[in-house]
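According to Swiss-Prot, the protein carries these features:
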type	residues	note
MOTIF	31-35	motif 'Nuclear localization signal'
MOTIF	134-143	motif 'Nuclear export signal'
REGION	177-212	region 'CPSF4-binding'
REGION	202-227	region 'Disordered'
REGION	220-227	region 'PABPN1-binding'
Amino acid sequence: NTVSSFQVDCFLWHVRKRFADLELGDAPFLDRLCRDQKSLRGRSSTLGLDIETATRAGKQIVERILEEESDETLKMTIASAPAFRYPTDMTLEEMSRDWFMLMPKQKVAGSLCIRMDQAIMDKNIILKANFSVIFDRLETLILLRAFTEEGAIVGEISPLPSLPGHTNEDVKNAIGDLIGGLEWNDNTVRVSETLQRFAWRSSNEGGRPPLPPKQKRKMARTIESEV
């Protein structure tokens, strides 16, 4: 049920935090850890449950499961689980770097937040992203950023910690929003080959994904009106 699910999530987050404290986690692991922490705080407030108490209860649930779990069953479970991969266009420095906007524009699309600097004009821009992949398809966006040729960050798409969960289509639509807003100011935008491959399952030499017609004008107007 909802309470026991929250308790198990709290304990598993605690285990992952201990792992991170040993400096064993990579960038996607640490990013998910931070986002999940914010999500757990929100769920704690909604359910009226103390996180520390829930963590102890979650530990007891997990221990009971492990006591009943045979090694053979565990091997079969692991073998049948789909394998995730984590393509990384951006370095840790590019992901963690602070950036500022002269003319900030922001739009919330479902569980994704789209931000861009509309003071940027006549630039060549590339979209890079770090994300998880399952069955050769983008599963979860960790972070997407728009970079100029000089390396400046001028746009971003990030999941909202308070609204976890998004689909491949959500990500593609958000990318369309961002491209439309940037191209409104005569910037030339291309998408990294890695992102094209796993989001659209295609690769275009010009770096342009197959966005629906009129999306550029529509999305640019939407971003302008909603902020």
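Numbers run from 1 along the shown chain.
Heads up, the Cβ atoms here are built off N, Cα and C, so glycines get one too.
Using DSSP to sort the residues of the motif 'Nuclear export signal' (134-143) gives these counts of helix, strand and coil: 0 helix, 8 strand, 2 coil. Residues 13, 16-17, 20, 25, 95, 130, 142-143, 159, 161, 164 of the same chain lie 6+ residues outside the motif 'Nuclear localization signal' (31-35) yet bring a C-beta within less than 8 angstroms of a C-beta in it. Helix first, then strand, then coil: DSSP counts for the motif 'Nuclear localization signal' (31-35) stand at 5 helix, 0 strand, 0 coil.
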